[in-house]
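Novice: First the structure, which I've put down as structure tokens, then a few questions once you've had a look.
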Amino acid sequence: MTSLREFRKLCCAIYHASGYKEKSKLIRDFITDRDDKYLIIKLLLPGLDDRIYNMNDKQIIKIYSIIFKQSQKDMLQDLGYGYIGDTISTFFKENTEIRPRNKSILTLEDVDSFLTTLSSITKESHQIKLLTDIASVCTCNDLKCVVMLIDKDLKIKAGPRYVLNAISPHAYDVFRKSNNLKEIIENESKQNLDSISVSVMTPINPMLAESCDSVNKAFKKFPSGMFAEVKYDGERVQVHKNNNEFAFFSRNMKPVLSYKVDYLKEYIPKAFKKATSIVLDSEIVLVDEHNVQLPFGSLGIHKKKEYKNSNMCLFVFDCLYFDGFDMTDIPLYKRRSFLKDVMVEIPNRIVFSELTNISNESQLTDVLDDALTRKLEGLVLKDINGVYEPGKRRWLKIKRDYLNEGSMADSADLVVLGAYYGKGAKGGIMAVFLMGCYDDESGKWKTVTKCSGHDDNTLRVLQDQLTMVKINKDPKKIPEWLVVNKIYIPDFVVEDPKQSQIWEISGAEFTSSKSHTANGISIRFPRFTRIREDKTWKESTHLNDLVNLTKS
């Protein structure tokens, strides 16, 4: 059984390793011949763990300030300079209530059992007792690691591809499809991995689209022809049905709020009368009585009440699994034909996505013009012979900004990193916001642009919604996670960028700026489009995504 100390040493070695091959080799060498291989891999990838601990950084600080009898204010201030694990370790070392162990005694099994128990409790008094118990058997470094596991970020600069391909060169691609870590560990040989497929009731990493700024580029990507599908302004939903059991997953593979999808349990059996088990890729949109789409955000429970004659409607665009058969390796035109055979539309409830078979540039231009005239979001272009590749950006998207001369072909989903005081009538409140993106390579957040222009009501709401730490443009108070040049040091920084809001930002064009730290990429005339409540920081535009957007 692997000890926590061994696991910590592995994490440290991975962090300091220089590249993908070296990191994967370290993991491969470590797990070879170990009986708890699955547990090691699972804990190396805490972000994939579906256990929910009901605790953010601020709550962890609050609880450990009580346990250690330390100043919560001092602990929060320390957190502003680094990471939660470092803060807890520092104050654990200084506290006089619980003496840290001199020698590590915990196994990974002990830690995993603790995390399972933590995920089952929600009362603060119970959390205090459990976190006290674990601290009493930890060294300072042990507790730091445990807290980082609770925070679901080990800071080892190694994501799923690095870790899973240590098992087998094909493991990461198989995981994208099956999303079943345990099955991959148990079938690690290539022959066995090839037998793993989509399974009903387990979410599949959704296939994605990259931006495209010209019709000509689309035909270079799909020379044999393409489908042009309406880009729906709703929420991506993956539907799973197994007999009378249903599951609905969002684009980040989390359960969808029940009020948005409960009605589907009545209509899916009617639309798919022959299906015992099925997995669908689709978009849920609020439509009026004429089946006209209502704006993004109208799916919210309060917003929906504003549209009295509206319905939730599922626009189905793909079938990934049907009665025991994995459909993902079948060409799209065959999947679509099969879908037409097995699905019966229910008006305003379950309908086919709007799809056009495109054979020339003139036809694509006409379809795009029509979509934009109807004030639709744009088009998604798909290879007619394409297989479904989970997690891969093999499709193309052309959004409404494409036709505006000199404008960005696509927006960027950036994270609010900080804020500045406004001027004049907006003096004394946060009115200008620092937007940025995550750099997977460095593990830091980089700045892209400043954004303003919100109306008074929106600004009033944002003062309460955004959790900020006031630093008064002091360079010494810039948190370790933020890379910002002196000219853009804000009055406030967010307490935790991973809990911050994600805003869709569009503008005239991507531009270069020596003052911004995201590889010098910025946005000319940035404008706020909407809050992306359907995304977490993981689905926001990362630095490598931003680089690709500027290239396209």
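Note that Cβ sites are derived from N, Cα and C of the backbone, with glycine treated the same way.
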Novice: According to Swiss-Prot, Glu229, Arg236, Lys382, Lys397 bind ATP; which one of Glu283, Glu289, Glu480 is annotated to that same site?
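Specialist: When Swiss-Prot describes the ATP site, the candidate it includes is Glu283.
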Novice: Determine which residues of this chain, when Glu229, Arg236, Glu283, Lys382, Lys397 are set aside, have a Cβ within 8 Å of the centroid of the ATP site's Cβ atoms, and list them as they appear in the sequence.
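Specialist: In sequence order, the nearby non-listed residues are Ala209, Val230, Lys231, Tyr232, Phe317, Ser353, Val380, Trp395.
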Novice: Based on Cβ atoms within 10 Å, give me the single least packed residue among the binding-site residues Glu229, Glu283, Glu377.
Specialist: Glu377
Novice: Please find, for Glu229, Arg236, Glu283, Lys382, Lys397 as listed binding ATP, the greatest distance between any two Cα atoms, in Å.
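Specialist: Result: 17 Å between the two most distant Cα atoms.
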Novice: Nearest to Glu377 (Mg(2+) 2 binding site) in three-dimensional space, by Cα, is which of the recorded positions Lys231, Arg236, Glu283, Lys397?
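Specialist: It is Lys231, whose Cα lies nearest.
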Novice: Cβ neighbours within 10 Å, counted over all protein chains: which one of the recorded positions Lys231, Lys382 has the most?
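Specialist: Output for this query is Lys382.
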